[in-house]
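Copied from TrEMBL, the annotated features are:
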type     : residues                                           : note
ACT_SITE : Glu244                                             : active site, nucleophile
BINDING  : Phe64, Ala65, Val66, Tyr69, Asp154, Val155, Asp156 : UDP-N-acetyl-alpha-D-galactosamine binding site
BINDING  : Asp154, Asp156                                     : Mn(2+) binding site
SIGNAL   : 1-22                                               : signal peptide
Amino acid sequence: VRSRNSPGFMLVTVTEVGLLLSLRTDVVTVTPWLAPVVWEGTFNELLLDSIYKKKNITVAATVFAVGKYIMFLKDFLETADKHFFAGFRVDFYVFTDRLNEVPKVNMAAGRTLTVRSVPSSNRWQEISARRMELIQKLIEETLQNHVDYIFCLDVDSKFHGRWGTESLGGLVAVIHPGLDNRSRFPYERRPASRAYVAPGEGDFYYCGGAFGGLVQEVHQLAKTCRNNFEDDAKEGIEAAWQEESHLNRYMWINKPSKVLSPEYLWQDFKQRNPEVLLIRFSGVIKNYANIRPN
Ligand SMILES: *[C@@H]1O[C@H](CO)[C@@H](O)[C@H](O)[C@H]1NC(C)=O
Ligand SMILES: *[C@@H]1O[C@H](CO)[C@@H](O)[C@H](O)[C@H]1NC(C)=O
């Protein structure tokens, strides 16, 4: 539509946009720093897929299946193969201390599974802490030159619906499904910690169980969180929620360029909120006493 007042400019009316997108008015779809918040109904998946097909992208995914968490790996991989970037090249990297218990899963064409050995640990907090270091090294040693995007995902979860190109961005975080009262966000509140977020600060509370983006951006994130974690440890400090606290601090300083709604990491024990039209990925119900070493 050519406006009479500004010849030469193409003004797209709301009606025209409406042909492409059905906008959501019941949820926040853009952050104050102008990053999209991805909800079902805010994107055109055919259009997005065709854009990224032409770019011939490769996506990596990391998952940590240490100790008894190996029990979740089969469902994770089987559902990921079906729903996570279906039709795209995906390289899955599994980190485990139980190499013999890695299930045989047949991946679709163009999708690979690589298993890497990690030492066992007696504390789940330590397993969680070392993830950032392992992600940093994986990117430096293996991914840097041939993978475009990476997502780091919790193994004790399953895919139920599409997770695809709509989630791609420079730095990508997922809004935690259970927390909507800002004054109760469980950030690290001790100023002595490098994960500190002051009262009144913080945008969203993001999940530690799913984050990603461009390989270079996630490398920076992993390296920073790892260094901050280790520097805290030298002073005898462990942040309230370990790497999740450091991730939240990082995302406060380095705003994500795309934010994924809680559709991208729900919890099976939670009843679906009305604004969540589709659960794409969700944490399974588990008995912590059975799976955590301490
Ligand atoms: C797409 O990328 C893959 C892996 O990097 C490569 O083997 C293939 O040749 C590329 N295809 C095209 C059409 O560039
Ligand atoms: C949020 O939490 C604070 C502190 O616990 C409480 O005072 C406030 O009423 C809560 N707000 C809502 C909307 O629930």
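The chain as shown is numbered from 1 upward.
Including glycine, each Cβ sits where the backbone N, Cα and C put it.
Nobody curates TrEMBL annotations by hand; they come from automatic prediction.
Distances between the Cα of Glu244 (active site, nucleophile) and those of the binding-site residues Phe64, Ala65, Val66, Asp154, Asp156 are shortest for Asp154. The 10 Å shell around the Cβ of Asp156 (UDP-N-acetyl-alpha-D-galactosamine binding site) contains 22 further Cβ atoms across the protein chains shown.
In sequence order, Val63, Ile70, Phe72, Leu73, Phe76 are the residues of the same chain, not among Phe64, Ala65, Val66, Tyr69, Asp154, Val155, Asp156, whose CB sits within 8 A of the CB centroid for the UDP-N-acetyl-alpha-D-galactosamine site. Its own atom aside, the Cβ of Glu244 (active site, nucleophile) has 23 Cβ atoms within 10 angstroms in the protein chains shown.
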